[in-house]
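Features reported for this protein in Swiss-Prot:
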BINDING   Thr229, Ala230, Glu231, Glu283, Ser383  L-serine binding site
BINDING   Arg260, Lys261, Glu262, Glu347, Ile348, Ser349, Ser350  ATP binding site
Amino acid sequence: MLDARYLRENLETVEARLKTRGAGVDLERFRQLDGSRRELLQQTETLKALRNKVSDEISRIKDKSQAQDRIIEMREVSQRIKGLDEELKGVEEALEYFLLTVPNIPCAATPVGASEVDNVEVKKWGEKPVFDFAPKPHWEIGESLDILDFERGAKLAGARFTLYKGFGARLERALINFMLDLHTERHKYLEMLPPFMVNRESMTGTGQLPKFEEDLFHMEGVDYFLIPTAEVPVTNIHRGEILKAADLPLCYTAYTPCFRKEAGSYGKDTRGLIRQHQFNKVELVKFVHPAHSYNELDKLLDNAEEVLRLLGLPYRVVDLCTADIGFSAARTYDIEVWLPGQDCYREISSCSNFEDFQARRASIRFREDEKAKPEFVHTLNGSGLAVGRTLVAILENYQEADGSVSIPGALRPYMGGIEKIA
């Protein structure tokens, strides 16, 4: 959420910055609501001051019969105040809802662009594998090795669901454990295991609500949502809290399944694991001091990249342009892994700095010391990594001519020493 005061004082600047997102934000609506709110507040305060003054005068009159006209007048003033308070409440609710639908302002360093074609590649790592045969896509490899069953997944739940079998299930589990061990033991994140369902306040805190409710799985009969990412419950761990500056940064990692409707992806990635309604992910979340948030973003990005480096998977990092960053983000780097079976790079992680946007929505603050005024923290998060897509990358990059798949060395201890799936 943007700061209403900052928006009021920098309306033209904010409007210009939001236009670079391609976001149609009606800031005239803000002017109207904010103006109405301030006018109603002034009227209410004036009447309350009058009521207090006259009430004091009445209290000094010994013969109350001489004050009946003033008493009747103040009753009328009280009714007017009550009506103004009710009107003010409605305006404030409308203003808050409006602010909840306004996206974050891109940071000054975010590349300006009109679409994903304007994203900027900032680095590459690793050599693409060279095959002496035509590399297959992961869905063919998974089916031929009998480790992925798309047909039965669809039978069980419908389109965009997959049944992992045997070494497929074991490889998925191995990747989860490998990622969590790396982030907790080497990168020093604290592991969390949050609920996989959250309430409306949590979804609002991270920015999924109120604007994107149609993309979420909502539980009928109870106001719970299946989480689209661990970012939601983990960020909301400190909702409504005031942290100590000395404790920052707080770095958390969590494995969860994620649930997404993929409402806008009809006809896209209909085969394989790339776009599923349910998938596993290991998430990285940081609560940081505003002065250090972009340094912490660089560290978080490197932590996510290290998963791919240790697995020997070629990748590139892309700085997303203003039109491609998410609703809550001020800056985002995507990590894209090379998939030879599809002859392209595909996103496997998004690492974002939200600055104080989520913290303001969720009221997550910190104090420099006991006497200091609370300030909003900056929140960061990134995938470390999307597990299913990492499995996809292993199947496609480590496939052999005979149809088998080699296991990356770093993963073999998690696979009971198995070197190859055949």
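Cβ atoms here come from the backbone N, Cα and C positions, even for glycine.
These numbers come from a predicted model, not from an experiment.
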Ser383 (L-serine binding site) versus Ser349 (ATP binding site) - Cα distance in angstrom: 5
Inter-residue Cα distance where the pair is Lys261 (ATP binding site) and Glu283 (L-serine binding site), in Å: 19
Residue pair Glu347 (ATP binding site), Glu231 (L-serine binding site) - Cα distance, angstrom, rounded: 17
Residue pair Glu262 (ATP binding site), Thr229 (L-serine binding site) - Cα distance, angstrom, rounded: 13
Residues within 8 Å of the Thr229, Ala230, Glu231, Glu283, Ser383 Cβ centre (excluding the L-serine site residues themselves): Val232, Val234, Ala254, Thr256, Cys258, Lys281, Val282, Leu284, Val285, Asn381, Gly382
Binding-site residues near Thr229 (L-serine binding site), in sequence order, restricted to Arg260, Lys261, Ile348, Ser350 and a 10 Å Cα cut-off: Arg260
Densest Cβ neighbourhood among Arg260, Lys261 (binding-site residues), 10 Å radius: Arg260
In three-state DSSP terms, the structure that Glu231 (L-serine binding site) belongs to: helix
C-beta crowding around Ser350 (ATP binding site), within 10 angstroms: 21
Recorded ATP binding residues, Arg260, Lys261, Glu262, Glu347, Ile348, Ser349, Ser350 - maximal Cα separation rounded to whole Å: 19
Site diameter for L-serine, Å, by largest Cα distance between Thr229, Ala230, Glu231, Glu283, Ser383: 9
In the chain carrying Ser383 (L-serine binding site), residues 6 or more apart in sequence that have Cβ under 8 angstroms from it: Thr229, Lys281, Val282, Glu283, Leu284, Ala304, Ile348, Ser349, Ser350, Cys351
Nonlocal neighbours by CB distance (under 8 Å) for Ala230 (L-serine binding site), same chain, sequence gap 6 or more: Met192, Pro194, Ala254, Tyr255, Thr256, Cys258, Lys281, Val282, Glu283, Val285
